[in-house]
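Enquirer: Quick one: the structure is below, questions incoming.
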Amino acid sequence: MYRAGALVLRSATLRRTRFLAAHQNFATISSQRSSVLLAKSLESSIGGAGNQKKFYSSKDHDDPIAVDDSLELYKDLGGMSPIQVPADMPNVPILAINRYPLFPGFIKKVDIVKDDNLKALIRRQLSLKQPYAGVFVKKDDENKEETIVSLSEVYPTGSFVQIIEVRDQGSVLELVLSAHRRIRVIEPIEDVVAPKTDTPLNGRRARGKRAGLPPTPPPTPPLSTPTSAPEASATSPEEKEEKKDPERKGIVMVRTENVVADPVPKNNETKATMMAIVQTIRDVVQFNQLFGQQINLLLHPSQNVIDNPVYLCDLVATLVQSAETKDLQEMMDETDVSKRLKIALLLIQKEKAVAKLKHDINKDVEKKVQDHHRKYLLNEQLKVIKKELGIEKDEKTTIIEKIDERMKTLAVPEYALKVINEEKTKLQFLDPHSSEFSVTRNYLEWLTSVPWGLTSPENRRLSHAKKALDEGHYGMKDVKERIMEFIAVNLLRKSVGGKILCFHGPPGVGKTSIAKSIANALNREYFRFSVGGMTDVAEIKGHRRTYVGAMPGKMIQCMKKVKTENPLVLIDEVDKIGGAGFHGDPASALLELLDPEQNANFNDHFLDVPVDLSRVLFICTANEISKIPGPLRDRMEMIDVSGYLAEEKVAIAHQHLIPQLRKETSLSADQLNIEDSALEELIKHYCRESGVRNLQQHIERIFRKAALQIAEQQPEDEQPAATTAISENSDAEPVSTPSDPPTFTPEKINISTENLQKFVGRPKFTSDRMYEVTPPGVIMGLAWTAMGGSALYIETVLKRPVDVTSDKDGSIETTGNLGDVMKESVRTALTVSKGILAREQPDNKFFDKSHIHIHVPEGATPKDGPSAGVTLVSSLLSLALNRPVVQDMAMTGEISLTGKVLPVGGIREKIIAARRVGAKRVFLPAENRRDFDDLPEFMKSELDIRFVSHYDELYEHLFQ
């Protein structure tokens, strides 16, 4: 492909230098030495300041031509001696170029890289003393091929050029072309190698040379005519193959004809157009002073350039940089010189507009740069003056004074003070513009942002704390008692201490919000951060200072924000912390933070100085404590935050949820009323979860729909609108003030069980229990989940009728997404059931030959744990005896292999579930009596609780 390098005449400034230097010489010398002076115009590009050779013409030895020594002139060109350009040479090689045409009288550098056939043709032409070619512009600028396959790919009018310089590097052939005249392509012809003939020394050309006659033009290559047999036989096999597939072979040789311009009319219009062109060129030069002198010399009347309209048009086409290819080609194609002058005038005027715009832009940019530079110099001078007068200090002194001012209010320990002083000394010797200066300054700011020795006064009044806790949350007896105990201990110690508590329970019961109330009750600063999904240890312990953008961990950020050493820090979702990975184990990093024996000297990676966190009250929240790592769980004081009963939810709705929503929606009790029966229906059939978050969302939906109804009842002309108050000052902005309230009184909306479905949709839970009457083999158990308690039915049936005559033993199958522990409970329950049945009814061989299937409904929910042991035994015995158990009964408890009933957890949640499904009698392990006694009285009412220590006691209640 052709590579238009730095010598390409279209390239900005270098290209203009060659053109103008060439045409300045053209105006003053004879036409016989035109080729030599054209080569001289390339002196700035191919001459250089290095080693040069000097070539002389045969007539004038005082006119040296400087040529770069690195350029290897083709040997057969005869050392740059002048060659008479033939007036008519129809068959020439074709060179297809991109973007800009090459106009007569100008020079262009072209590289041939890919096409070997074209390179071979050019070398052959040079060896035949025919350094000529035709240059045509490709219509598609994106076409990077060096040859064309069709003449339709190029514009028909081009230039006849002479190859004045050659540098053959083997793979690349560099050509310097000088255009002489316009030509038009007619048709492609085949490239046929002419046979070489030896020219005798006494031939006509040699005699003419000795006689001093001008050399005759070399013979033209043969045309594409049918060759004779000897010539055809001389064709190589490779050329025959190329002729077989002409579509793949590019066109390298064409037949052309000279383009003769029409006579130039000598009238005033032509002269005026030329003068306008010359004046516009002078205007363009004003915006680019680099070539102003050369252009002015070239356009001087003594040079006769302005008297040659053809040359003037070509000069314009070479000078313009913003013109499109089709516009330049239009000038190349035009034979009417008058029209060509008009095209040239239009192009140079467009170039003038673009040049003026570029000049204005550059001028504006230069002005802005100068203004900025001037302001910078003035500011620097002002800084120096202020520094000399003592008005302003340098950056280092300002930073150090700021740090010293901070430290006056801090009780910095000795080890931290030593580090601060070392960093201050280091800062004084650093360059303010260095990266180390920024790192040191940032480190000092963080060191002095830690509230060393600062504590906030803590509330020690129990009455104030109790009032603050009761106002924010209903119930939560265990949490409130523990906080009161904490205040009492600090009161007796007369000091501020820390503790690590963990609130665990189902979602929506107020674990996170109670922490804010505790902070208000204790008068401590509050800071919260969540560790759910955290996988990077640096979030807790900070980054090393060697990293770009390093920062301390969450605890140091907390200390900087709260500005006290005794805040309340809530670590939310501690059971969902990420596991060990590429960035460490965050759960293990919390061990040092939450260990009372270690957090007095907590070491952050960024500060690298021990910080005392022993006065911080840490409160963690979790849904499932089983997911908290054991060592971390061991460092916390676990407090169970159980779910709410229906009565508690109603009280929370009246005391907290509804008043808050009235304030947010501006709906008073006169506009919207929710009956207690509607709340109970809402809790029973829509919001059965342990928390109140879903209940809050449903009540919000009721308030929104009520607000919409009230807004629709209000007439549009009575809707409140904002009035605009304009002050006497006309320049003041208008201020919007609310107008008088409307006189419209909306109809009161009352929410009851009858219209509740209209506001919140259909009930989610339509029945309290799966079975109203349980058949044999079906027992209702009680289960604990992270969402609270729930009823868990155990269904046991026969897979097929019992065949007492079969030799095969019975089998048991379990379904319902059971875990390994629960599957073991099934096998244990089967063994216990066989023992009880053999003792109570020795003749009953039900379990020996039966194929039993045990299923636990809601198979999509994973189920595991040992607390369903007594329920499984009861279900198996009910099926074996074919006797249903007592209705409205529920049970829970782990069974041992000998029939002993072991204690289980989640008694509060299970009692709540039993009350929700309407159970009247509940069987609990005897060892869980203490857990039941801790429940409030209203929760224990209306339930018949039976405590059993062995399954025999339960058997008597169920089947006897």
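The chain as shown is numbered from 1 upward.
Each residue, glycine too, has its Cβ placed from N, Cα and C.
Because the structure is a prediction, the values reported are computed rather than measured.
Summarising the annotation, Swiss-Prot assigns active site to Ser867, Lys910 and lists sequence analysis as the type of evidence. Positions annotated as ATP binding site by Swiss-Prot, on the basis of sequence analysis: Gly505, Pro506, Pro507, Gly508, Val509, Gly510, Lys511, Thr512. Residues annotated as compositional bias 'Pro residues' in Swiss-Prot: 214-224. Among the features that Swiss-Prot reports, compositional bias 'Low complexity' is placed at 225-236. Taken from Swiss-Prot, the feature compositional bias 'Basic and acidic residues' applies to 237-250. Among the features that Swiss-Prot reports, domain 'Lon N-terminal' is placed at 92-352. Summarising the annotation, Swiss-Prot assigns domain 'Lon proteolytic' to 773-960. The region 'Disordered' annotation in Swiss-Prot covers 195-250, 712-748. Among the features that Swiss-Prot reports, transit peptide is placed at 1-56, with the record citing sequence analysis.
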Enquirer: Within a 10 Å radius around the Cβ, which one of these binding-site residues has the most neighbouring Cβ atoms: Gly505, Pro506?
Expert: Gly505
Enquirer: For each of the recorded positions (Thr512, Ser867), count the other CB atoms lying within 10 A of its CB, then report the residue with the highest count.
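Expert: The residue with the most neighbouring Cβ atoms within 10 Å is Ser867.
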Enquirer: Can you give the mean pLDDT for the domain 'Lon proteolytic' (773-960), rounded to a whole number?
Expert: 88
Enquirer: How long is the line from the C-alpha of Lys910 (active site) to the C-alpha of Ser867 (active site), rounded to the nearest angstrom?
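Expert: For Lys910 (active site) versus Ser867 (active site), the Cα atoms are 11 Å apart.
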Enquirer: Applying a 10 Å Cβ distance cut-off over all chains shown, what neighbour count does Gly510 (ATP binding site) have?
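Expert: Its Cβ has 23 other Cβ atoms within 10 Å.
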Enquirer: Starting from the Cβ centroid of Gly505, Pro506, Pro507, Gly508, Val509, Gly510, Lys511, Thr512, which together make up the recorded ATP site, report each further residue of the same chain whose Cβ lies within 8 Å of that point, ordered by sequence.
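Expert: Leaving out the recorded residues gives Phe503, Thr621, Asn623, Val641, Ser690, Gly691, Arg693.
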Enquirer: Would you count the other C-beta atoms found within 10 angstroms of the C-beta of Gly508 (ATP binding site) for me?
Expert: 21
Enquirer: Whole-number answer please: how many Å between the C-alpha atoms of Gly505 (ATP binding site) and Ser867 (active site)?
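Expert: Cα to Cα, Gly505 (ATP binding site) and Ser867 (active site) are separated by 19 Å.
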Enquirer: Using Ser867 (active site) as the reference point, find which of the binding-site residues Pro507, Gly508, Gly510, Lys511, Thr512 has the shortest Cα-to-Cα distance to it.
Expert: Pro507
Enquirer: Same chain only, sequence gap of 6 or more: which residues have a CB within under 8 Å of the CB of Lys511 (ATP binding site)?
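Expert: Counting only residues 6 or more apart in sequence, the Cβ neighbours of Lys511 (ATP binding site) under 8 Å are Phe503, His504, Gly505, Thr621, Val641.
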Enquirer: Between Pro507, Lys910, which of the recorded positions has the fewest other CB atoms within 10 angstroms in the structure shown?
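Expert: So among Pro507, Lys910, the recorded positions given, the one with the fewest Cβ atoms within 10 Å is Pro507.
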Enquirer: Have a look around Val509 (ATP binding site) and count the other CB atoms within 10 A of its CB, chains all included.
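Expert: Total other Cβ atoms inside 10 Å, all chains included: 26.
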Enquirer: Where does Thr512 (ATP binding site) sit by DSSP, helix, strand or coil?
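Expert: Helix, per DSSP.
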Enquirer: Using DSSP reduced to three states, classify Ser867 (active site) as helix, strand or coil.
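Expert: The three-state answer is coil.
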